């Protein structure tokens, strides 16, 4: 038998991901695009409902307050998504609520001056205004780093090797949002996971009018089937004598969103009253803004690959961060209860559907705005049990993580240096946040517990984020460990041409601003 040829045992690196049906600037038919946009909207509901459902009761709010925060979060998310896809990175990314802001927000909720307020609704309003003030001040971090191009300068220290742990842990770092929630209602979660994988992967060849209908709309179909199944279990009394926690995660009538939602109501700035400002709250929130910046950087790199685009040039990435800062400013002005970041699950959906079209994401932003104004209809979809979303996250987060691993093809993984950096940064990126989580669960406060609350929030927020820890470790090691003689091993010859807008002719196709705005903001 002849020895195999080199090309038969290895795969050449590919700058753009193959196998996508539609890339960033190609569009499906309008009917298909609208259906895909609605699918992205449904997926974005998981986080948009989960964050207010967790925070609003802690703030003293009732069901009416919760549903109004959900609507506001979706409304501002729709605006931010349109801004980002039009004027930011222009990548097909949904902008939604972020879990990275939990530590400083919970610190504000537990502020003694707010805890002393007896009336729950008054405490809710005062807490929301304090969060708004902190978000407004902290948003300046991303606005300054983005529009001054400082983040573009920082990104010059990134390499394909350094980005692998960051992008991978954007997905893997959210593992606690996956199967742990599926396990809280296995009779819904497991069928959802199996059905979604079956439709999107095993039955993807099934076509109607040359459209792979089951692959393209696996999420909509499987959510509809399992939601109906969950409603049948609820209506039949299957959970009548089950523990309260099981009912909360399994029943379709426990969210109390539909009854509390108004028919029509438009969110507006300062709807909760004038924001209040506190230096300690604002400094603590700045750590969350930095974490959001780092996580979004990894998410933008993943989105570019799943949209079959080139990696965003440094100034485009920085421009996107600047617009994301504007988004956090809008979060503070409207009062969404949390800050913004790129929705990781929606990036995964780009790969699952093999549609990376920008237009589809802009349509989903329209659905977010539309259904946040028509409260009853939006609340109907928002009442989907979170267990169903968690099952989808198991696939979506894993898909995004694997995109990060795909950047290893541009590096030399026969190098002990590269193996060391990749392994250590991935392990510490998972292990350090796990230590902080376990410590916080047991002690009811983070490992950083000094008299300076803002300092505690900084350390606890930074080290609870897997992508942030990975970036600190990977970029430091990559730029200090034998870096002068390892440019080729790190993947720099391939990476360097994407640093500048004019480094690759395809950048103009993917990242040029609309309405001929590049005349006023010439790319660098």
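The backbone N, Cα and C atoms fix where each Cβ goes, and this holds for glycine too.
Beyond the ends of the transmembrane segment (38-60), by six or more residues, the same chain brings 66, 69-70, 73-74, 77, 94, 96-97, 99, 105-106, 109, 117, 119-124, 127-128, 217, 219-220, 223, 255, 257, 337-338, 343, 345-346, 349, 353, 360-361, 363-364, 367-368, 371, 381-382, 384, 386, 389-390, 392-393, 396 to within a C-beta distance below 8 angstroms of the stretch. For 38-60 (among others), the entry in TrEMBL reads transmembrane segment.
The transmembrane segment annotation in TrEMBL covers 67-87 (among others).
Using a Cβ-Cβ cut-off under 8 Å and counting only residues 6 or more beyond its ends in the same chain, the transmembrane segment (93-109) has close neighbours at 40, 44, 47-48, 51, 55, 58-59, 73, 77, 80-81, 84-85, 127, 130-131, 134-135, 177, 281, 284-285, 287-288, 291-292, 295, 299-300, 303, 324, 327, 336-343, 346-347, 361, 364-365, 446, 453, 456-457, 460-461, 464-465. Among the features that TrEMBL reports, transmembrane segment is placed at 93-109 (among others).
Marked as transmembrane segment by TrEMBL: 130-151 (among others).
Look at TrEMBL and you will find 157-175 (among others) tagged as transmembrane segment.
For 182-202 (among others), the entry in TrEMBL reads transmembrane segment. For the transmembrane segment (182-202), the residues of the chain that approach it from at least six positions outside its boundaries are 214-215, 218-219, 221-223, 225-226, 229-230, 233, 245-246, 249-250, 352, 385, 387-388, 390-392, 394-395, judged by C-beta separation under 8 angstroms.
Under 8 Å from some Cβ of the transmembrane segment (217-239) lie the Cβ atoms of residues 35-36, 38-39, 42-43, 187-188, 191-192, 195-196, 199-200, 246-247, 250-253, 349, 352-353, 384-385, 388, 392, all in the same chain and six or more residues away from its ends. Annotation comment: TrEMBL describes 217-239 (among others) as transmembrane segment.
What TrEMBL lists as transmembrane segment is 360-382 (among others).
Under 8 Å from some Cβ of the transmembrane segment (388-407) lie the Cβ atoms of residues 17, 43, 45-46, 50, 160-161, 163-172, 174-175, 177-182, 188-190, 192-193, 196-197, 200, 219, 223, 226-227, 230, 298-299, 301-302, 305-306, 344-349, 351-352, 491, all in the same chain and six or more residues away from its ends. What TrEMBL records for 388-407 (among others) is transmembrane segment.
The feature transmembrane segment is assigned by TrEMBL to 419-436 (among others).
Annotation source TrEMBL lists transmembrane segment at 458-477 (among others).
Note on the transmembrane segment (360-382): residues 22, 27-28, 33-34, 36-42, 44-45, 48-49, 67, 70-72, 74-75, 77-79, 81-82, 85-86, 92-94, 255, 257-258, 260-267, 346 of its chain, located 6 or more positions outside it, place their CB under 8 angstroms from a CB of the stretch.
The transmembrane segment (458-477) is not in contact with the transmembrane segment (130-151), judged by fewer than 3 CB-CB distances under 8 Å for residue pairs 6 or more apart in sequence.
If you look at the transmembrane segment (67-87), the same-chain residues 6 or more away from its ends with a CB under 8 A from one of its CBs are 44-45, 48-49, 51-53, 55-56, 61, 93-97, 256-257, 260-261, 265-267, 271, 319-320, 323-324, 326-327, 330-331, 334-338, 340, 358, 361-362, 364-369, 371-373, 375, 378-379, 382, 513-514, 517. Listed as Cβ neighbours of the transmembrane segment (157-175) (distance under 8 Å, sequence separation of 6 or more from its ends, same chain) are residues 294-295, 297-299, 301-302, 344, 348, 393, 396-405, 407-408, 410-411, 418, 421-422, 425-426, 429-430, 433, 465-467, 469-471, 473-475, 478-479, 489-492, 494-495.
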